[in-house]
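Lifted from TrEMBL, the feature list:
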{"type": "DOMAIN", "residues": "139-365", "note": "domain 'Anoctamin dimerisation'"}
{"type": "DOMAIN", "residues": "368-942", "note": "domain 'Anoctamin transmembrane'"}
{"type": "TRANSMEM", "residues": "379-406", "note": "transmembrane segment"}
{"type": "TRANSMEM", "residues": "456-474", "note": "transmembrane segment"}
{"type": "TRANSMEM", "residues": "531-555", "note": "transmembrane segment"}
{"type": "TRANSMEM", "residues": "575-598", "note": "transmembrane segment"}
{"type": "TRANSMEM", "residues": "626-649", "note": "transmembrane segment"}
{"type": "TRANSMEM", "residues": "750-772", "note": "transmembrane segment"}
{"type": "TRANSMEM", "residues": "800-824", "note": "transmembrane segment"}
{"type": "TRANSMEM", "residues": "903-928", "note": "transmembrane segment"}
Amino acid sequence: MVHHSGSIQSFKQQKGMHTSISEILKEKSLKPSRRSLPCLAQSQTHPTNLNHFLSVPLSPEPKPEVEGLSQSISTSCSLLPPQTAEDGKDHFVEESEVSTCETRADESFLLQKPVTRAKLEARTDSVQRKKPTDSSGLFFRDGKKRIDYILVYKKSSPQVEKRCTFEKNLRAEGLMLEKEPSLTNNDIMFVKIHATWDTLCKYAEQMNIRMPFRKKCYFTDWKSKTLGSRFHLRCRQIKSWLPRNPMKLDKEALPDLEETDCYTAPFSRARMHHFTINNRETFFSNSTRSRIVHHVLQRTKYEDGKSKMGINRLLGNNTYEAAFPPHEGGYKSRHSIKTHGAQNHRHLLYERWARWGMWYKYQPLDLIRRYFGEKIGLYFAWLGWYTGMLIPAALVGVFVFLYGLLTMDASQISKEICEANTTIMCPMCEENCEPWTLSDSCVYAKVTYLFDNGGTVFFAIFMAIWATVFLEFWKRRRAELTYDWDLIDWEEEEEELRPQFEAKYSRMERVNPISGKPEPFQPFSDKLSRLMVSVSGIFFMISLVLTAVFAVVVFRLIAMEKFASFNWYFVKKNWQFATSGTGVCINFMIIMSLNVVYEKVAYLLTNLEHPRTESEWENSFALKMFLFQFVNLNSSTFYIAFFLGRFAGRPGKYNKLFSRWRLEECHPSGCLIDLCLQMGVIMFFKQIWNNFMELGYPLLQNWWSRRKMKKGGGGGQNVENKAQLPQWDKDWNLQPMNAHGLVDEYLEMVLQFGFTTIFVAAFPLAPLLALLNNIIEIRLDAYKFVTQWRRPMPARATDIGIWHGILEGIGVLAVITNAFVIAITSDYIPRFVYAFKYGPCVNKRHHHGNECLQGYVNSSLSVFDMGELNNRNHSGYCRYRDYRAPPWNTVPYEFTLQFWHVLAARLAFIIVFEHLVFGIKSFIAYLIPDMPKDLCDRMRREKYLMQEMMYEAELEHLQKERKKNGKRYHHEWP
């Protein structure tokens, strides 16, 4: 054995190991890095050791007769004296429950109160220093125990036995309960839950929660020794001369974001002396405490049997009405936040994030994460990143639109259509329809040119590259956030099994190959059969969507015939707009109606599969919802883009549906305007509807709840002032978060991303509409989370889940669809072929755009003899859109050579465009690494220093133990 009494350097010297100068001078060359891992108001001056922390005099409570408590507390959190029966008793118990609930003697050993110690002087942030009073509704009646969770039940509920058993088992897990009646409804009871220090330590270790390490935090300042440091210094100097970015958040306005930088490690009771525990009340954050309590609630039984457990089942059978963590007080204050500061985190979030006046400011992501958890924090981080990336896309789209607007009058095609007073077009229907002149569609042609011009191809390529850059840089941003929020080592294996999965497969167990512990197991045959049923349900719902689209197509055919023969001249003249507009409106109503059905079907199919974890459940549900709504939203758009007018036939030989209605054909200037109208109407009205449902509907529900509360509709007290209510009553009157979590929020944005990229060649203003909507969406969601919803359970996540893969799939689909839109839907390729093969510039060396397109409209229209019509009410020749031979040709109405040239050019463009854009996307993805290099270096450096710090902390601990025992302490290193 070798005696060690010094630091790592002395230890290495005694071992005969070489100690480098960099290690000796490590303390001088290291500085903190920016880590957004809260040390939760830890001390400015750390205690010299754990014994000093424990040497603080205890309160007059009975001291446990355990020798050397200060020596053994590092290995156990449970040496705490039991409470008396007086303290163990619930503060409020209904008389009807006394006989059925646990007896007083039973609960005397279930409720434990931590040893009360003198309050240490520790640095706390401005909000944590303001400890609310007992009347705020954030503490038990003693004003000391913080409420970590709220359960709500009705006294009239018949499930008394289950509830009492459940609450008794909660006390057995170390939770403390206190009951309060509602002030607004005599039938409502609230169960306040507080997690003791022992319980928090126990489950923090089980859940692998990372907590701040005791040793000081530092990183080697290797960058100051590199050549690039001077460049960075110069950049900082130049940046200091520039005007201040108005979108940045003021550090003075958000003092809570100034957190102590520190390392973290998975919490362990055996190594508790390694962690910074200056104040047990603030060591675990409020969100962490709520997450631990939720974990206990999910796994506590209410009846005998493995399947009879979990708060979710009790909520499902109406034993409890609700379960939620409380908000940290009100979000408004009489006083200004500038003069009196924030009264709590919720107030701070409202003033610096959720208010409409903060629409141009960056989001306080660290504060959002601290209050709502990492999962919601990542959602707002992704939404903010997506919104910021939309700015360049919106600017380029506006430039393309302005280019079309400024050159609209100079367009050769628009001029030819507007001046074609003598060009007679064939009737749009065979009965009651008259021939019309091409000049009647002058406005239609000009509007089409706004979206179908020379900038279309450029913008489509730009948006394909933009989508790749957006996703690649988001990967880097996500890596930084997961590192700052200490989620690097948090893996799916650490997720708990869903209680429903454990209950269903409790009799089937196998050893987990990762943890080596037995756990419930779903057989492959059972999983496959359930998956097949789910897939069948998905295909059935998709077929229902296609049936709805077919119904809309039939409606358009009927409306086209009616509008073309309408008596009102204005409608008859603009029958294309009337047909497209009414068809889009009908389609939008069908889309919104079917979405309600899809949500319920997706929920049932997902539960039928019995996913293993919550992440698997959310991913499965999200995929189904995306497939349903994507097909529902885009099927009619795909029809207009790629099928409208392709199979109409020709005059005299039109293709008819059910031998009755003639299929639609495109306008002489193309079908792109129909696609643009479809996208614009659906995108605009869907965003308005979603915003109303997200904010307007909860506002109406909360208003109705307040109205009933003022009238005393529940039989409770008539409370005139809402501020008089405790926090649990206020939260109960708020709306709960969606049962699907963030699925609806992500789904809305992902579908918008699809609209912004898939058909962007037809609608360059889509990124601008998306940007304006998202600016409103961020504040709507923030206002909703802070003011209108109950506080959701703070959950953890390392990424946005399955949505990232869906976004990548949309990016690939966008390249293909835009290639087809440009080649098939727009007239870009026919114009290109005419200019270089058939136009007046064929034999000229210099090509000028408009000059080369002279005569294009005439070449794109074929001739038909109206005498061949069945009704024979018209004579002469009329024109129609196609590349066919005239009736006097040897083989009348056959496809001309120009048709085959255009078709070949279209196919060639699709192949070249796809290969070019996919090559650029792959090259960009290769150039941009998923993780910044400096972040990789910091992570590697952290692992190295963590090992050094663990050695150092262990040596220091052994030295203190030796001094305490008054003898030399020997330790044999492995």
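A Cβ is built for glycine as well, from the same backbone N, Cα and C atoms used for every other residue.
TrEMBL annotations: computationally assigned, not manually curated.
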Would you kindly check 379-406, 531-555, 575-598, 626-649, 903-928 and say which stretch has the most C-beta pairs under 8 angstroms to the transmembrane segment (456-474)? 903-928
Looking at 531-555, 575-598, 626-649, 800-824, 903-928, which one has the highest count of Cβ pairs under 8 angstroms to the transmembrane segment (750-772)? 800-824
Would you mind listing the long-range same-chain contacts of the transmembrane segment (800-824), meaning Cβ under 8 Å and 6+ residues beyond its ends? 378-379, 382, 456-457, 460, 463-464, 467-468, 471, 474, 478, 615, 618-619, 622-623, 626, 641-642, 672, 675, 746, 750, 753-754, 757-762, 906-907, 909-910, 913-914, 917-918, 921
Mean per-residue pLDDT in the domain 'Anoctamin dimerisation' (139-365) works out to 81
Near the transmembrane segment (531-555) in space but 6 or more residues beyond its ends, with Cβ under 8 Å, are 582-583, 586-587, 590, 594, 597-598, 601, 605-606, 608-609, 624, 627-628, 631-632, 635-636, 639, 657, 661
